[in-house]
Amino acid sequence: MKLKRFLLRYYPPGIILEYDKGGQLRTKSIDLLDLTPEINPDELLAEIRRSEPLITDSRADQVKQLIVRLQQKQRQQDHHRFCFMKELKAHILPLTNVAFDKSGSRFITGSYDRTCRVWDTASGRELHTLEGHRNVVYAITFNNPYGDKIATGSFDKTCKLWCAETGKCFHTFRGHMAEIVCLAFNPQSTLVATGSMDATAKLWDVETGDEVATLTGHTAEVLSLCFNTVGNQLVTGSFDHTVAIWDVASARRVHTLTGHRGEISNVQFNWDCSLIVTGSMDKTCKLWETGSGKCVATLVGHKEEVLDVCFDLSGQLIATASADGTARVFSANTHQCLMTLEGHDGEISKICFSPQGSRVLTASSDKTARLWDVQSGVCLQVLEGHTDEIFSCVFNYEGDTIITGSKDNTCRVWY
């Protein structure tokens, strides 16, 4: 094995090693999820070198410099105030979802008008209209970090794979017996997973367009799914109140996570793949150990359904959004509620962390999105201007651009 080069990853902090093994270029990552500006870089370097033989004496100083650069990035204070930049009257009929590519230079919108549109973020110009579905385009995503493909899932029971550069349709994935409501690319961008109202999830081959596997076992709609960061496991959440962990290679169910008393609203792995968080209509979230399938905590406090839940990129914090109009931030380690975010006048349907983990963004039926400080729980900004419920809000990779999508049929871009 011969080390070729290092790549720096800011969010979450890490160093990617590119190396040659038997003439093949491979990568592995050193995740520094616990990195803080206070950590001694020499001590951390020594710790890394103990477990990573590729980092020889001649490369040690280079790695130390990369650690220092990551710490400098962490020291940068996040005082960014977002200004409304533009409104895009994206579709004639209501929007369903919005998503960024990794760089944030392009984003996509799905709609009841049966199309997905690709937009240039800076100019607001429409780059492509992806046409061909025969019903609502509900679930949409880029194959980040690559950003050269788009997948769209529709109420017409099909998923389509598109070229992000040209707008050409590569494949139509047919096989589901009911509406497709969630989808995801695996991290390697070789598979697409789709979840459907037919109570199954399916895996599809990006290259050939073939169905690879059908994941059966749920008894009601599969409403959410998520690959882990390695791509060897998939988690699905269903209206049957259960969550399933699947081994991707064999398409076998590894664990069924039971304990929720209501429909599952969202599921997510943490970065290091050790934990899964689930949100439910039973007003709780649960934290599960991936390896054993055991529930390690139930996060309580919301008075109404939990509509969304997510980890921050480091996997140390969990944010929850509820129909009770509040959001909460919990510690993934202690399971304590650290903050309750109060201020919205309606249910919160969407929540996400900034890439840095210092901000939380919420979208509400009160027609506003709000930006919150994670440490203090203070509302830093109210993003106003939409004339109907906001159901979608996303940050770009750098955390300096936000898109909000509303039932008023518009998207707003905030810089």
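Using the three backbone atoms N, Cα and C, a Cβ is placed for every residue, glycine included.
TrEMBL has this to say about the protein:
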type   : residues : note
REPEAT : 88-129   : repeat 'WD'
REPEAT : 130-172  : repeat 'WD'
REPEAT : 173-214  : repeat 'WD'
REPEAT : 215-256  : repeat 'WD'
REPEAT : 257-298  : repeat 'WD'
REPEAT : 299-340  : repeat 'WD'
REPEAT : 341-382  : repeat 'WD'
REPEAT : 383-415  : repeat 'WD'
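Each residue in the repeat 'WD' (88-129) gets a DSSP state, and the totals come to 0 helix, 22 strand, 20 coil.
Long-range Cβ contacts of the repeat 'WD' (130-172) within its own chain (Cβ-Cβ under 8 Å, at least 6 residues beyond either end) map to 96-103, 106, 108-112, 114-118, 178-185, 189, 192, 194, 196, 204, 206, 209. Proximity of distant same-chain residues to the repeat 'WD' (88-129), defined by a Cβ-Cβ separation under 8 Å and at least 6 residues beyond the stretch ends, is recorded for 135-142, 144-147, 150, 152, 154, 162, 164, 166-167, 391-392, 394-398, 400-401, 403-407, 409-413.
Same-chain neighbours of the repeat 'WD' (341-382): 10-11, 74, 78, 81-82, 304, 307-314, 316-317, 319-329, 388-395, 397-399, 402, 404, 406, counting only residues six or more beyond its ends whose CB sits under 8 Å from a CB of the stretch.
Same-chain residues lying 6+ beyond the ends of the repeat 'WD' (383-415) with a Cβ under 8 Å from its Cβ atoms: 11, 78, 80, 82-95, 97-100, 102-104, 107, 109, 119, 121, 124, 346, 349-350, 352-356, 359, 361-371. On the 0 to 100 pLDDT scale, the repeat 'WD' (257-298) averages 98 in this prediction.
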